[in-house]
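Asks: This is the structure, below, for whatever I ask next.
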Amino acid sequence: MATDRAAVLSVPAAAAMLLWPALWNGYPIVFADTGTYLSQAIHRYAGWDRPVFYSLFMLPLHATVTTWPVIVVQALLAAWVLRLACRALAPGLSETVFLALVAAVSLGTWLPWLACTLMPDVFTPLLVLALCLLALVPERLRRWERVTLAGLASFMIACQLSSLPLAATLAGLLLVLRRVVPPWRPVTTAGRNPGHPPPTVEARMAGRRIWHLTLLPVGLAILALCAVNLAAHGRFAIAPFGNVFLLARVLYDGPGLAVLRRDCPAAGWRLCGFLDRMPPTSDDFLWEPDSPLYLAGGPKAVSREAGAIIAATIAADAAGVARAALANTLAQLARFASGDGLGPWPIQVTPWIARDFPPAERAAYATARQQRGRLAVPPVLAKVHRAAALAGVAACLLLLPVALRRRAACAGFLAAVLSVLPVGAAITGALSGPHDRYQARVMWLPPFVAAVSLLSLRRPP
């Protein structure tokens, strides 16, 4: 009974540890996109650039009263997924060790800052762990846990457009890994799978029956995105205006702008009249109200021509596009500094807080460190985050051959995490542009998975 009570209490205790950045700030952390996510569900509209699902998730939690419940639930979800991963990979791991591990992650990685931010960014790394659990060790989860994880993974994928290609790629990889490293494969004495007795025949059959849970979240997310876009924009598409982001990338990598200069004004594209007004960065092009994107009619109007410009660019200089994509991917791999976006957002967020929340909430928001320009990751802590991430990658590389030799389930987790780093960098860096916050979202995974794998492999056979 005491053990069960400790197991139940360990998740909220771990969640409490993840909330320290918001407590230090005096308010949940916000980002430029937070205003849109707050306003979509409140004012019942679907923006051109972001799915509505995270906004719908937030609404019943904040209820236009206070945003604190949003990050509390995010921290609880993060703690629960971490506990499932620890229990699945290292059965018998004590709650004390689990909480010590979460404490280390809370101090030494970017995860708590993600959990405390009114953004869906925390769901990207949790999605990786959720898919790994569903694909590699479903036999070690209870039925309700599998169903809940599958539903949660579907929601996580639908929250951000970049999560869909990441999830689809990872799901395919995990299905291959499950065949290569099944948890019940017989092993020799020299390569025993410590701590995990061979599953029963029933467990083996259950594992074979539920492999589709890995792909189900991807399919459900696609259907949800298409259905919402059909209702909101009249187009049954995953991202009806997503080509605008790729357009910005090919323009600012160089080949796209060269095509505009070559084909304008004969092509008749909306952007032709604004070639001399291109801002210095792709972010300015996408978000500044006086950029050519908006002067030419707005993202929805430009989207109708974006496909033709992108196609013409690839036809004219496919090698240049590929080189730029590779360069952006490599740049993104190296960019994962903690603290990106912690400054105040008086234009993007403050008006929505002022419009939709009561005076007490507005006052708490206004007096927070972030709104006063005083929120930053301490330099020493930023160095710890970077060192922990790099050490975690090195540890994953060292532990992977050991885990493969022992046919340990953690081998799949190690391989998946190492694969997610370049795949995620390619998706965000090559398609959107290198930003520290993109790669920082997943860089806490290597040290966490390495630590749990080490605990699993060290258990006596």
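Each Cβ is built from the backbone N, Cα and C atoms, and glycine gets one as well.
This is the feature table in TrEMBL:
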TRANSMEM  56-82  transmembrane segment
TRANSMEM  89-111  transmembrane segment
TRANSMEM  117-137  transmembrane segment
TRANSMEM  210-231  transmembrane segment
TRANSMEM  384-404  transmembrane segment
TRANSMEM  411-432  transmembrane segment
TRANSMEM  438-457  transmembrane segment
Asks: Cβ pairs under 8 Å only, please: of the recorded stretches 56-82, 89-111, 384-404, which one is richest in them relative to the transmembrane segment (117-137)?
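Replies: Against the transmembrane segment (117-137), the leading stretch is 56-82.
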Asks: Three or more CB pairs closer than 8 Å, sequence separation of 6 or more: does that hold for the transmembrane segment (384-404) against the transmembrane segment (89-111)?
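Replies: These two segments touch.
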Asks: Determine whether the transmembrane segment (438-457) and the transmembrane segment (89-111) share at least three Cβ pairs under 8 Å, counting only pairs 6 or more apart in sequence.
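Replies: In this chain the transmembrane segment (438-457) contacts the transmembrane segment (89-111) - 3 or more Cβ pairs sit under 8 Å.
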Asks: What residues in the same chain, six or more past the boundaries of the transmembrane segment (411-432), come closer than 8 Å to it by Cβ-Cβ distance?
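Replies: Tertiary neighbours of the transmembrane segment (411-432) are 85, 89, 124, 128-129, 131-132, 135-136, 162, 165-166, 169-170, 173-174, 177-178, 181, 245-246, 249, 324-326, 328-333, 393, 396-397, 399-400, 403-404, 438-439, 441-443, 445-446, 449-450, 452-453.
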